[in-house]
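> Before I ask anything, here is the structure I am working with.
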Amino acid sequence: MRFNHFSIVDKNFDEQLAELDQLGFRWSVFWDEKKILKDFLIQSPSDMTDLQATAELDVIEFLKSSIELDWEIFWNIALQLLDFVPNFDFEIGKAFEYAKNSNLPQIEAEMTTENIISAFYYLLCTRRKNGMILVEHWVSEGLLPLDNHYHFFNDKSLATFDSSLLEREVLWVESPVDSEQRGENDLIKIQIIRPKSTEKLPVVMTASPYHLGINDKANDLALHDMNVELEEKASHEIHVEQKLPQKLSAKAKELPIVDKAPYRFTHGWTYSLNDYFLTRGFASIYVAGVGTRSSDGFQTSGDYQQIYSMTAVIDWLNGRARAYTSRKKTHEIKASWANGKVAMTGKSYLGTMAYGAATTGVEGLEVILAEAGISSWYNYYRENGLVRSPGGFPGEDLDVLAALTYSRNLDGADFLKGNAEYEKRLAEMTAALDRKSGDYNQFWHDRNYLINTDKVKADVLIVHGLQDWNVTPEQAYNFWKALPEGHAKHAFLHRGAHIYMNSWQSIDFSETINAYFVAKLLDRDLNLNLPPVILQENSKDQVWTMMNDFGANTQIKLPLGKTAVSFAQFDNHYDDETFKKYSKDFNVFKKDLFENKANEAVIDLELPSMLTINGPVELELRLKLNDTKGFLSAQILDFGQKKRLEDKARVKDFKVLDRGRNFMLDDLVELPLVESPYQLITKGFTNLQNQNLLTVSDLKADEWFTIKFELQPTIYHLEKADKLRVILYSTDFEHTVRDNRKVTYEIDLSQSKLIIPIESVKN
C-alpha cells in the first residue's frame with residue numbers, strides 16, 4: 001500500500017498553529033510533547049482507550065508513564081488514527097518504517113515541541129487507509145459544527161455545510177441560440193443543488209446531455225452497419241472555414257422577479273465529486289443543453305450551438321442572461337446566491353462540454369476539470385480519413401449519439417410537437433457527417449474545439465486514462481498541446497480505461513481538486529505546488545510520479561526489419577465462418593489478434609535499453625497492395641508475462657468514503673497489479689488514400705509507396721530486453737468497417753521503422 005499526496009500545501013509554523021487553533025487544537029510551544037499528544041487525542045473524535053502505544057502499553061498507560069514520546073511511538077499511534085490495524089497491518093515497533101514505506105508525510109528531525117506540532121498538522125493532511133484524509137474524516141465525525149460557513153485547513157474547504165438543508169431548484173435559462181430556427185431563443189432546463197447559506201457560493205457545473213434521460217431504443221435503431229466495403233475516393237483537396245454560430249440577443253421584456261423557484265426535484269444522477277463539494281460550500285448545477293428533456297431545440301451534438309446552451313448558465317450566474325421559473329417565461333429569477341465563479345467537471349461527453357465551454361472564453365468560468373473529454377469530434381468517430389468507431393461501440397456515429405441524447409422525445413407531448421422536425425434534422429446530420437468517405441469536412445470542423453484554444457481563459461485540469469480506447473488519449477494530448485504557451489494547465493494521466501478516479505486509494509485526487517477550486521472560486525491564493533503532469537506508473541502498484549510535459553522532443557527509430565531483405569505479408573479476407581464469428585463478438589477477434597491467430601503481420605522487437613515512451617509513436621511503412629483502395633490498422637503490445645496494472649478499478653472497501661457527514665457514501669477503489677501475458681500500449685488506423693487530413697490521393701495497385709501515421713499518444717515505461725509486439729493488419733472488428741475483400745498487403749520491413757518519442761531521465 002502506497003499513498004501519493006499532491007494536495008498538501010507547505011505552511012510555516014505560525015500558519016500551522018493558527019489553522020490548528022481554528023480546529024480546536026490550542027497548544028503552546030511551552031508544552032511538552034506528551035501533553036500535546038494527550039490534548040490532540042482528547043480533542044479528536046477518536047477513542048484513545050482503543051489505541052496501543054508500545055509493545056507493552058496502551059495509550060492511557062503510556063501517558064501516565066515516564067517513557068518519553070519518540071517518533072516510533074508517535075507512528076504507532078498515528079497509524080491507528082489512520083485506520084491501520086496494529087499487529088496485523090503493521091508491527092508495533094516498526095511503525096516508522098511502515099509509514100515511510102507507505103509514503104506517508106513525515107518530519108525528519110528530532111522530537112521537539114515545534115516538530116511534534118508540525119507532525120500533527122501534517123498528520124491531519126494525511127490519507128487514511130479508507131481514502132479520506134484524517135481531518136476530513138474527523139470533520140465528518142463532528143470535529144467542527146455544521147454552521148453553513150466556510151472553514152479551511154491546509155487551503156482546503158471542510159465539510160461544514162449541512163447536506164440535510166440543501167436547496168434543490170429547477171429553472172429555465174434563456175440561451176443565445178435558436179437551434180431549430182423557430183424564431184425564439186431556446187430555453188434550457190437546469191437543476192441546482194446548493195447549500196443553505198448566507199455565503200455567496202461558487203458553482204461546480206456539470207454539463208451532461210445524458211442528464212435528463214437517454215433513448216436507448218432510438219440509439220439501437222440508428223446504429224450503422226459495419227459489414228460494408230471501404231469506399232474508393234477520387235483525389236481532391238478538402239476545404240473548411242473557421243466560423244462560429246452567431247449568438248442571438250434575448251428579447252427584452254419586463255417580468256416580475258421572484259426569489260424562489262416553484263419547481264423542485266428529489267432524484268437524479270449526481271457526480272460524487274460534485275457531492276463532495278456540496279458539503280464544502282460549492283453549489284452544483286446540472287445542465288443537459290439543447291434538444292434534451294424539458295428544454296428546447298435540436299440535439300446538435302458537439303457544435304457551438306450546444307456549447308452556447310451550456311455557457312448560457314454561466315452567463316446567468318453573472319447577470320448576463322435571464323432565467324425563468326417555468327417554460328412559460330412568466331417570472332424571472334436571479335442568481336442572487338452565487339458569486340459568479342464556476343468550475344466545470346465531468347467525464348466523457350461531460351468533459352467534452354467542459355473543453356468546448358473553455359474555448360468560448362466565457363467570463364466566470366475559472367477552471368475546467370475535463371475527464372476523458374473529446375477535444376475534436378472527428379477524432380472520436382474518424383481517424384485519418386477512415387470511419388473508426390470508439391472502442392466498445394462499433395456502428396456508433398454522431399447521429400446515433402444524437403438519437404440517444406435527444407431526450408425530448410421521451411415526453412409524449414414533446415414527441416407530438418417536435419418529432420417531425422427532429423427526424424428531418426437528424427437525416428441532415430447523417431448526410432453531413434459523411435460515413436461514406438470518412439473524410440474531414442465542415443461538419444467536423446464545426447465540432448473541433450482545438451482551433452479555438454487561443455480563446456481559453458480558464459485554468460485547465462485534464463484527467464485521462466492511457467488505456468481509454470473509447471475516448472482515446474489523443475483527445476487530451478491534442479488539447480494539452482494546443483493551449484497557448486504558459487497557459488495554466490495540469491494533467492492527471494492514469495492507467496485506467498474510461499473511468500473516474502476520484503475514489504482511488506493511492507492518490508488524494510479529491511483533496512487536490514479541493515485546494516485548486518478553493519483558490520480559483522473563492523479568491524484565495526493558489527499555493528498548491530502541482531506539477532504539470534501527474535502520472536500513474538504502468539508497472540508499479542500505487543505509484544504516481546511527476547513529469548514536466550505530455551510529449552517528448554527526443555526520438556529514437558527502431559527498424560522493423562532484422563535483415564537487409566525482409567518482407568511481411570497479410571491478407572484481408574476471412575472465410576465466412578470466421579468473419580461471422582468475429583463480427584458477432586469483436587472480443588474474440590481481439591484475443592486472436594494479440595495471440596497472432598488473425599490475418600496479420602507480427603514483428604517482435606526486443607528493446608536494447610530501458611526507455612519511456614512519451615507522446616505519439618509513429619509508424620513509417622513501405623508497402624504495396626493489390627487494389628486501389630485500402631486501410632491499415634496497427635497495434636503495439638508490451639508482450640511477455642509480467643505484472644501490469646489492470647484498466648478497471650476494483651473495490652477495496654465498500655461505502656467508506658464520506659462525501660460530507662454521512663452523505664453520499666462511496667466505495668474505495670484501485671487498479672490492481674496483476675500478472676498478464678501482454679498489454680496494449682497504443683494503436684492507430686489510417687485510410688491509405690489519406691496521407692494528411694485535408695488531402696485525398698489516388699492509390700495505385702501493386703506499386704510501392706511510403707506512408708507515415710501516428711498512433712495514440714501515451715506515456716509508458718519499458719525495461720531493457722522488454723519485447724514490443726508490432727501488429728499490422730487491415731480490418732478491425734471493433735473499430736473499422738468490416739471490409740472482407742480479397743486484398744493482400746505486403747510490407748518491406750527493411751524500409752520501415754517505428755519512431756518513438758522518448759522521455760529524458762531529467763524530465
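Counting starts with 1 at the first residue shown.
Backbone N, Cα and C atoms are what each Cβ position is placed from, and that goes for glycine too.
Pasting the relevant annotations from Swiss-Prot:
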ACT_SITE  Ser348  active site, charge relay system
ACT_SITE  Asp468  active site, charge relay system
ACT_SITE  His498  active site, charge relay system
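Each of these features: where is it, how hidden is it, and who are its neighbours?
Taking the Cβ of Ser348 (active site, charge relay system) as reference, residues of its chain lying under 8 Å away and at least six apart in sequence are, in sequence order, Glu371, Ala372, Gly373, Ile374, Asn470, Val471, His498.
Within the same chain, residues at least 6 positions away in sequence whose Cβ sits under 8 Å from that of Asp468 (active site, charge relay system) are Ala372, Gly391, Gly496, Ala497, His498.
In three-state terms derived from DSSP, His498 (active site, charge relay system) belongs to neither a helical nor a strand segment and is classed as coil.
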> Any idea what DSSP makes of Ser348 (active site, charge relay system), helix, strand or coil?
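Looking at the DSSP assignment, Ser348 (active site, charge relay system) belongs to neither helix nor strand, so coil.
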